[in-house]
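Student: Just lifted these from Swiss-Prot, have a look:
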BINDING   MET111, ALA112, ALA113, GLY114, GLY115, GLY116, LYS117, SER118  ATP binding site
COILED    1-30  coiled coil
DOMAIN    98-273  domain 'Helicase ATP-binding'
DOMAIN    298-450  domain 'Helicase C-terminal'
DOMAIN    591-670  domain 'HRDC'
REGION    668-705  region 'Disordered'
MOTIF     217-220  motif 'DEAH box'
Amino acid sequence: MESEAIQEDLQNLDVELKDVQGQISALIEHQDRLYERKSELKTLLKALAASGSPVASSGGSSAIENWSETFEWDSRADDVRFNVFGISKYRANQKEIINAIMTGRDVLVIMAAGGGKSLCYQLPAMLRGGTTLVVSPLLSLIQDQVMGLAALGISAYMLTSTSGKENEKFVYKALEKGEDDLKILYVTPEKVSKSKRFMSKLEKCHNAGRLSLISIDEAHCCSQWGHDFRPDYKNLSILKTQFPKVPMVALTATATQKVQNDLIEMLHIPKCVKFVSSVNRPNLFYSVREKSAVGKLVVDEIAEFIRESYSNNESGIVYCFSRKECEQIAGDLRERGISADYYHADMDANMREKVHMRWSKNKLQVIVGTVAFGMGINKPDVRFVIHHSLSKSMETYYQESGRAGRDGLPSECILFFRSADVPRQSSMVFYEYSGLQNLYDIVRYCQSKTKCRRSAFFRHFGEPSQDCNGMCDNCALSSEVKEVDVSDLSKLVVSMVQETQAKDQRVTMLQLGDKLRNKHKDLIAELKRDEVEHLVIKLIVDSVLKEEFQHTPYSTNAYVTMGPLANQLLQGRKTIKMETSSRQTKKLKRSITFSGLELKLDELRKEISAADGSILPHTVLSTQQIGSISSQKPVSLQELESIIGKLKTEKYGDRILEEVMRHEAVSEQLVEDPTKEETCKSRLRKRAKTQKDVVLVESSGEEEA
């Protein structure tokens, strides 16, 4: 008997020690997160102390440098910005970034999607002379950029796995001998890390003094702490090693302080100037919707939303978890009258390109894609991004949802959340460093019924909070939210897991829900399966339970086990509370209303794009430019040039003015008499030409003076 008592004591001690070890692990993990947060806050304090002025990054000079002052290239930069790129004014930090690059400094740019990162290296490429090398991860992005630059008359080429022999021959000759004009060269990171021939030609270009700038786009791919780490990006440090005096600019939309430090080290740019813009996207409306367990109902809701809010064929993206889901949901949307097609990595490259171009040219309203679609897409007028499934982290969701509204106009970001999606994602990310913690962060974002969605991004990226202005569901929709103590029910859940483990068995979240409902019918009969799963996920996120994973020949399964804080709950030292809300899904009309002239100009840019075949509609006229033309209604090429710049006026000015004049004629009800309309249009065209001639004469006179 005495030995049995001792044995029992030993078992109790083992249980208690295991509990203590679990608590220690949880505390250490919490300590690491606190240290990381402390580091972010210190960096934030330094930035605030600098009154918004960018400062040299750690390792560089601590002196504040004024990149907003006047520089010798200012007038040339303004001329190229407006007359070549058609951009009327700089956005936040663009001018300062360009000035830092022009002085020969290495630069790190953290700028939200739609902030204008591309101009930050494309404009210096035009000003510095020689060749600018741009490393970009995706072929579709490279093709978009090269096409857009070619439409502006800029000599841009790409060297990728799909490049033809003639193109490759031209590029290598231009790099080696400099006989042909090669202003911007786009390559994938694989070309840098794996092609000795390319690096040899690039070295000859450098030795001849013609390599003027190196740009690393989507730079977060360098960091193992980033949400989209790519091994080939690790080898890009060779560029700074081989060409130490060539300025390098690294750009990304998302990077925590940890990621920033990592990529600075990996790219060998310790003395870079760092520009960090706000992560806030005030034009985006964020919302989370409960996802039905019935797939048909989810697609019905998505289709209804698109039909009611975006009936003018405005572009959108629907993200899905798997390739199979992409194909299924694209087909389901088509059956419901939505113009949709799918995009994923298993497709033939030509098919992917075809779908991408149809969507880019507004011939297809919705792309249904996996994460393979979208990084750095060059389409500013995406009006909505819908996540049919959960993203794997806050950073990933910020990046993917941020593909909406890059033109600054109101757009929507909707995430459909269901607890059953969590194990699907966790079994994919558990092997990544902090993969589970990152996933649980976005689960908290989805489960919250009171906290501002936007503030979650501020906290995650270590940025001071800003007003949401009602641009998320939790801030815009009033509802009665209650906190309910579910500790007793949680104890039943944990006890069930404990019993299962004692029998040396495993249980998935779905199995756990069924077992609970069968064993405790009287207590939880009123709870639906979704509500039980919601509680289990809450316990996992709160470290009361945890997920463990087992590989099979065909998949990786997620099982629920006891977490580090389980015994605290069972002993009554921890309470579990959940938010309940009476809020019903309310339809918010957030679509944009375009005037008649704006719609006509939109049709015109699509027509020009289709006729040319090699340019995208927004390259012809941006949505902002259409808005400016519609409000100012120019009647001469001179007035139009002041809105869209010289290059676009020369290319498309006559057709744009004709559309404006036709619209004005209709507005004045001149269409009733065709002769009057023709007379009016003829008179206005003549007046436009005369005013253009006068401007040119005045310009010549000023130059002579």
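Cβ coordinates come from backbone N, Cα and C, glycine included.
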Student: What are the DSSP helix/strand/coil residue counts across the motif 'DEAH box' (217-220)?
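Tutor: Its residues fall into 2 helix, 0 strand, 2 coil.
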Student: Which residues of the same chain, at least 6 positions away in sequence, have a Cβ lying under 8 Å from the Cβ of ALA112 (ATP binding site)?
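Tutor: Listed in sequence order: ALA253, SER277, SER278, VAL279, ASN280, ARG281, GLY402.
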Student: Inside 8 A of the center formed by the CB atoms of MET111, ALA112, ALA113, GLY114, GLY115, GLY116, LYS117, SER118, which other residues of the chain have their CB, for the recorded ATP site?
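Tutor: Near the ATP site, the remaining chain residues are ARG91, ALA253, SER277, ARG406.
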Student: Are there any residues at least 6 positions away along the chain from GLY114 (ATP binding site) with a Cβ closer than 8 Å to its Cβ? List them or say none.
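Tutor: In sequence order, ARG281, PRO380, GLY402, GLY405, ARG406, ASP407, GLY408 meet the Cβ cut-off.
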Student: Using a Cβ cut-off under 8 Å and a sequence separation of 6 or more, which residues in the same chain sit near GLY116 (ATP binding site)?
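Tutor: The answer is ILE87, TYR90, ARG91, GLN94.
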Student: Find the average pLDDT over the motif 'DEAH box' (217-220) in the predicted model and report it.
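Tutor: Mean pLDDT for the motif 'DEAH box' (217-220): 87.
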Student: How many other Cβ atoms are found within 10 Å of the Cβ atom of SER118 (ATP binding site), counting all protein chains shown?
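Tutor: Taking all protein chains shown, SER118 (ATP binding site) has 20 Cβ neighbours within 10 Å.
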Student: Under 8 Å Cβ-Cβ from LYS117 (ATP binding site), six or more apart in the same chain: what's there?
Tutor: VAL109, MET111, ASP217, LEU251, ALA253
Student: Please classify the secondary structure at LYS117 (ATP binding site) using three-state DSSP.
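Tutor: Assignment for LYS117 (ATP binding site) reads helix.
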